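Visitor: Okay, here's the structure, questions in a sec.
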Amino acid sequence: MKIDIVSVFPEYFEVMNLSLMGKAQAKGLLEIKAHNLRDWTHDVHHSVDDTPVGGGAGMVMKPEVWSECLDELLGFSQPSGSPAPSGAPVLIFPNPSAPLFTQRDATELSHADHLLFGCGRYEGYDARIPDYYRAQGVDVREYSIGDYVLNGGEVAVSVMLEAITRLMPGFMGNPDSIVEESYTGEGALLEHRQYTKPAVWRGIAVPDVLLSGDHGKVDRFRRDEALARTAEIRPDLIAALDCKALDKADRKTLMALGWEVSAAHPRRLAD
């Protein structure tokens, strides 16, 4: 996968040379390049922002600078009104006002050949930028990573990039480690809690069933704990489950937790 990142702080992404991300690049699974947006400016101050039209606090990133940068990285030979070239990357902007980035999005994007991330700063980028490239046929995505605001898009891009790339074949040393993670699969649940040795630490014991050696009982315990944790922390995920996909033990656990499971989707009895 080829990944281009545009930022006014490209050095922020030197961290991508560490750990599994660095190993993936060394193996040729990833090609990551960070670009400095200021390289496409023409004034002595290398300005990338201007005051907001209509007034207001802060500064807004200028479309002229972004368009020169994106035209080049997207492969537009004739920028004005030309359609997106074949094989153009998916263009992704972090935006706190956009739909939430989810594991489903990460899974979809992990199959892409080329991703281009644009990191906003200040009050953000001119709203016409994503609109323009959508109109040219580019696959433009805008995502939020949560209900909060950051100083810039670099942190959000790092979060999305790690969530996406770790799903690529060959990225993880043990591919089985992602199978039972939180939010994974159609019947997405929060993952069960994890323990390691010693069996008793500071007076707190690992659940006995995990030491039993009975893999069936261990699997059931973990499944029940995942259902219980999800019901408590993210009941919306329980409500999205398909009751037809639940086995008898799942139904029994959910009923004990106060959920009705006779309809298409579980429903809390208190609702």
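Yeah, the Cβs are placed from backbone N, Cα and C, and that goes for glycine too.
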Visitor: Figure out which of G120, G137, G170, G173 sits with I145, G146, D147, Y148, V149, L150 in the S-adenosyl-L-methionine site per Swiss-Prot.
Guide: G120
Visitor: Highest Cβ count within 10 Å among the binding-site residues G120, G146: which residue is it?
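Guide: Counting Cβ neighbours within 10 Å, the top one is G120.
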Visitor: For I145 (S-adenosyl-L-methionine binding site), just count the other CB atoms lying within 10 A of its CB, please.
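Guide: There are 21 such Cβ atoms around I145 (S-adenosyl-L-methionine binding site).
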Visitor: Counting Cβ atoms within 10 Å across all protein chains shown, which of the binding-site residues V149, L150 comes out on top?
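Guide: Of the binding-site residues V149, L150, the most buried by Cβ count within 10 Å is L150.
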